[in-house]
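In what follows, a structure is listed as structure tokens, so that the remarks can point back to it.
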């Protein structure tokens, strides 16, 4: 088996560039609790969004091959900041860890602040090339996810759906949720038509996701 498992039609040169970039320098840049704290928009950005407990921190750690890059909050919904990570030295692009959504126990004012921060970020960030919206394979797309997809559609931000925890369900169930998620993607004008299934624990889909990130930032 080759070191990098490629999807059909994938560009092997881009896949190798992705492997090297994500194996190289990656560093935390800053946390931005409000728009005025965002870094200078000097390089392309890829944002990661998802419900609380969707496995976003684990996926970011697997993607960057680092155990402690993204830390999991003890209390879902507590962190209301955009966390920036530089990829490359000097930075070639940035990963943006968006605060989780769909937190049942969060106060209403926290939810409102989240919507304002994310909505303003999505609408005004020209260097944002794509948002990766993470969906738990075990649960599929929920109404709160659809709300975020509509927010992205309205802001005309290109996004792609990524299934997480794909190793936690049977192959037949994964095939069903993958098909249902792609069917949902086709309903949304700003969504990429293809869905990537991943497992942070098993490494499934990680090479494909790295390549998709490079494709989105046009490297």
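Glycine is no exception: its Cβ is also placed from the backbone N, Cα and C atoms.
What Swiss-Prot records for 50-57, 77-81, 97-100, 164-167, 198-200 is GTP binding site, and it gives sequence analysis as the kind of evidence. For residue 198 (GTP binding site), applying a Cβ distance below 8 Å and a minimum sequence separation of six or more within one chain yields 59, 62, 162, 163, 164, 166, 204, 205, 206, 208, 209. Under the DSSP three-state reduction, residue 198 (GTP binding site) is assigned to coil, being neither helix nor strand.
The feature Mg(2+) binding site is assigned by Swiss-Prot to 57, 79, with sequence analysis given as support.
For the domain 'EngB-type G' (42-219), the model's pLDDT averages out at 91. Residues or ranges marked as domain 'EngB-type G' by Swiss-Prot on the basis of sequence analysis: 42-219.
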If you run the three-state DSSP split on residue 81 (GTP binding site), which class comes out?
coil
Whose Cβ, among the binding-site residues 53, 57, has more other Cβ atoms within 10 Å than any of the rest?
57
